[in-house]
Structures are given as C-alpha cells and as structure tokens.
Amino acid sequence: MVNIGIIGVGLVGSELISQLSAHISQNGTPTFKVIALMNSTKQLLSNSSYSSLTLSSWKNDLSAKGTTSNLNSFINYLSEAPTPSIVIDNTSSQEIADSYPLFIEKGLHIVTPNKKAFSSDLKLYREIREKAAEKRRFIYHESTVGAGLPVLSTLTDLIRTKDKIIKIEGIFSGTLSYIFNEFSKLDGEKKNFSEIVKIARENGYTEPDPRDDLNGLDVARKVVILSRLTGKHLSLDTLPVENIVPESLRTLDSATEFMASLTQYDEYFQKLNTTANNDQQVLRYIGVIDPIGDKSEVKLVSLSSSHPFAALKGSDNIISFTTERFPSPLIIQGAGAGAAVTAFGIFSDLFKISDRTLF
C-alpha cells in the first residue's frame, strides 16, 4: 500500500480526499492510505505505525488535533514510512516547489498541480529532473496543464515513441476560454467585454483580481511546461506574452477599481471583435509551443469560424498537437479547470506511481 501526504486541503485538496475516500471504501484492498495532511497553519500526522487517518472526519481532526505546520517534520514523517510514500502538493507555493529536490532526496515521490516548479527557474527544473533520475523517484504533474485532460501524458507518449513534434497550440485558460467564447461569436446576444469579465468573476471563473488571468501569465506557465517537455528550455522571461489588461489599468490598487474602470475600454475590445467578425472570424486567447523554431508565444488572435478553437463552448480547454504522424492535428478537448477534474488528474497520477512501485 502506498502512503499519501497531502499539502493543501482547500478546494482541490478536499475534492481529492473525497475521491480517495470513495476509492478506499469501494475496494477491499485499497491501493492508498492517507497518513498526513497539512494546510497553511496546521498539520495532522498519523501514528508511529503509519495507519490511515480517518477520512470521514479529517476536517475536524485537523482543526482539533493538528499541530503547527512544519514542512520539515511533515516530510521527515513521510520519508520514514516503511512503504513507498507520495507527497501531493496542491498549493501554488513557490517555497514548497523549491523544496521538491529535498522531497526527492528524502525518498519521496511527488504528484502536483503546482505549476511553479516546472515553469519558473530553469535551474530548479533541471535539479528536480536530475535528482529524480538519480534517486529513481517519480514526479507526475499532469494537472498542471489542462487539469484532468491527458495533455502531458499524450505529449510524453508522442515523444517516447519518437514522433516529431512540429507545433502545439491551445486555449489553456478556462477563464479566458469562457470570456472570449462569450464575447466573440458570430451570432447570438452580444455583450460588452467588461460585462462578461464581471459575470466570469461573479461565477468564480476568474481569480479574485481578473488581471491575474488577463495578463496571460497562467497561460505562459503552461506553455513553458509543455515546451520544456519537448526539450526546448523556454523561460518566462523570454516568452512573448500579450497582456490584454489595458496599460492604464495595470497599476490600479484594487480589483474593484479595475472592474469599475474596465468599462472605459469596452469600445476598444468591441472594435477588435467587430474587425474579426467582419471577416467571419472570432477572437481567441491562445498559447503556441514551437519546439523547432523560436515562435512560441501567448497572444490574442483572430481565427476562422471553421477553426476547431472557434467552436469551443463554456470554459473548456482545447489543445492540438501537430506532429509528423499527425499532420492533421491530434486534438484534446474538455473541461480544463475545476476542483473535480483537477483532483481526477492528481488521482490518475497516483495510480501511475503505484503501478510502478507496487507491481
């Protein structure tokens, strides 16, 4: 049985625990047992025999019995378990990502949706990969791109089977997918850009400050992750990224100020949309990975109404792989955001590790 330690028990972490609990209750011989939990203030460790925590009461137990969070003691506890242990990092913390080499050194496998370790400093990325190879430990991060969609695993399979990757393109942000699917269409009700951003924010599709979505950084991180998997060591500081936050609104003190001021730019965005629509095109915010040349980028583009990306609905993601074997692109499409599908992606990675360590 594989031991699990979970760092971050918010929306995604809570959903993952629910999925793990269902798996454990439905299997006579469960594959996993959760022995450690941590949030930003408290941690809950099992006993010296490493028995499973009671998942039906984990929230109350963490609150009532938890001790002050301490990453070192948490990792040491997992590393001393007699059977394989996986640490799951559900945070977006750079500090925790910086500790991945230590986790590996301690003998732990890693599963995470945290994009920071794989898209930030190239030195850290290389250290993680080299340390994992040296210690023969597994790191899976499927849910860093596309949540539960099989994006990274598909790319990995294409590379391992020696296909030649020519280009990868995608709508990688559920937030920006929703905004432009609603704003830029050839028929149906037309709304102002600011109104759609407001609706997206009220429905929880955006970050508390929508500028954190509209600046393109989240998409850029995903482009860097995919690019590095192809062997192209791209960095955030060299990747061209189109920030669609109007320049005068970037330095406003609060999200409230930003939302109030965004209406001033409705005419600007409407002109962009009208120009596209007049040519039977729609606006979409995409990421491009160019493994061969130097044309990787993140930008707002106009696409023909017949393009697969133009027909996207809701907040779905879509990713296309153009390769030597797939000159007509291989396309993956579906929900690319949300706690349930992100937790599913994490859970799937857990099985990939258990299959390689137990059998």
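Cβ coordinates come from backbone N, Cα and C, glycine included.
If you check TrEMBL, you get these features:
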BINDING   Gly8, Val9, Gly10, Leu11, Val12, Gly13  NADP(+) binding site
DOMAIN    8-142  domain 'Aspartate/homoserine dehydrogenase NAD-binding'
BINDING   Thr91, Lys115  NADPH binding site
DOMAIN    150-350  domain 'Homoserine dehydrogenase catalytic'
BINDING   Glu207  L-homoserine binding site
ACT_SITE  Lys222  active site, proton donor
Recorded positions near Gly8 (NADP(+) binding site), in sequence order, restricted to Thr91, Lys115, Glu207, Lys222 and a 10 Å Cα cut-off: Thr91
Rounded inter-Cα distance in Å - Val9 (NADP(+) binding site), the residue listed as 'L-homoserine binding site': 18
Euclidean distance between Cα atoms of Lys115 (NADPH binding site) and Val12 (NADP(+) binding site), Å: 14
Near-site residues: NADP(+), ref Gly8, Val9, Gly10, Leu11, Val12, Gly13, CB cutoff 8 A to centroid: Ser14, Glu15, Leu16, Asn90, Ala339
Whole-number Å value for how far Leu11 (NADP(+) binding site) lies from Lys115 (NADPH binding site) (Cα to Cα): 17
Other C-beta atoms that fall within 10 angstroms of the C-beta of Val9 (NADP(+) binding site): 23
Residues satisfying Cβ distance under 8 Å from Leu11 (NADP(+) binding site), sequence separation of at least 6: Ala339
Least surrounded among the binding-site residues, given as Gly8, Gly10, Gly13, when other CB atoms within 10 Å are counted: Gly10
